[in-house]
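Taken from TrEMBL, the feature ATP binding site applies to A:ALA11, A:PRO12, A:SER13, A:GLY14, A:GLY15, A:GLY16, A:LYS17, A:GLY18. Feature annotation from TrEMBL assigns domain 'Guanylate kinase-like' to A:4-182.
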Number of protein chains: 2
Amino acid sequence: MPEGLLIVISAPSGGGKGTILKELFAQDANLRLSVSATTRQPRPGEENGKQYYFISHEEFQDLIKTGKMLEYTEYCGNFYGTPKAPVEEWTQKGFDVVLEIEVDGGAQIKKLMPDCVSVFILPPSMKVLEKRLRNRGTEDEPTILRRLETARMEIPCAKDYDYIVFNDKLEDAVADLQAILKAEKMKYSRNTDVTERVLSDA
Amino acid sequence: MPEGLLIVISAPSGGGKGTILKELFAQDANLRLSVSATTRQPRPGEENGKQYYFISHEEFQDLIKTGKMLEYTEYCGNFYGTPKAPVEEWTQKGFDVVLEIEVDGGAQIKKLMPDCVSVFILPPSMKVLEKRLRNRGTEDEPTILRRLETARMEIPCAKDYDYIVFNDKLEDAVADLQAILKAEKMKYSRNTDVTERVLSDA
């Protein structure tokens, strides 16, 4: 059985990544979502292994030192990262594993795991992004402006990713992601035993 | 407008490439088939620019010397090759151009045009390939055995191609090719102006 893919997905602020992934997971039973580890305290209702693996600072540092973190970052005094073990366990079982990470994490993961498939989800234009943020009606003007400014800074990070998917129509974006996964699985580099298999079955 | 793709497709003897390409072309109006040039004489019914561009030995040598041949080979005293000009003209207009070439040509083209997308079509197994050759009922036993032997030598060339597509069910093979083309068009490396476009449309 071939190994599953490691899929890194990022999107700028307000990029609609959540909706696309929800639909992708609904259509593809072979996908697993990677759970991050964090040193912050669980909030009410959060379960260990569900939203996060909640671990101590010492455990987190130990995972970094022993090369068992795929990527990590510090935010407000707490660490957040992707432990290697569950990802490897799933891909070895043939599942495709999705890592949802910050826009600046793509290059970091690509260096560690050159075989990963990285996808950056872009809004069709800043105009559309702004319209979407306003249509939500959940954020005040300063928040909308801040989110647009953040997106503006994050979008150039797309250059470190393998693929660009536009978040225009939801069903198109999901179909785009599916085509990427399908094509990646056909790469010779992921199927180096293929000629031997064909030749031996005579 | 983005440039079209240059798609190199090869298959071992009896691999069923013709049927797959016919179906792919029927479904995709953006595809163009590259026409090879040859120094051999046209056969009755053959038209210049249709089956081949029929050119002289001098013209052919000149195209090689001036770097205007993508690949070429000599066979029974005649030259066969792919002139660059029509391929570049089409891709610049946004068409995807398919080159059907011999199984040993993939590495040659990849070196000259690293951006090309190369696909090797494999039979699911030697057993299936043999069955197909026999079911055709058009070839005698020595011919079938020779074709199987040729396929056996050609199959390891798959290692020089980007993608492997199995010729199991026709509609699956065509869908596989379509997914490859779709995914390739989403590569960041083919869309390096994308972030600028998104950011400028505010």
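Numbering starts at 1 and runs along the chain as it is shown here.
Using the three backbone atoms N, Cα and C, a Cβ is placed for every residue, glycine included.
Those TrEMBL annotations? Automatic predictions, nothing curated.
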By a simple count of other Cβ atoms within 10 Å, which of A:PRO12, A:GLY14, A:GLY15, A:GLY16, A:GLY18, the binding-site residues in the record, is least packed?
A:GLY18
What other residues of this chain sit with their CB within 8 A of the center of the CB atoms of A:ALA11, A:PRO12, A:SER13, A:GLY14, A:GLY15, A:GLY16, A:LYS17, A:GLY18, the recorded ATP site?
A:ILE121, A:PRO123, A:ALA151, A:ASN167
Residues satisfying Cβ distance under 8 Å from A:ALA11 (ATP binding site), sequence separation of at least 6
A:LYS17, A:VAL103, A:PHE120, A:ILE121, A:LEU122, A:ASN167
Mean of the pLDDT scores, which run from 0 to 100, over the domain 'Guanylate kinase-like' (A:4-182):
92
Return the residues near A:SER13 (ATP binding site), defined as same-chain residues 6+ apart in sequence whose C-beta is under 8 angstroms from its C-beta, sorted by sequence, else 'none'.
A:ARG147, A:THR150, A:ALA151, A:GLU154
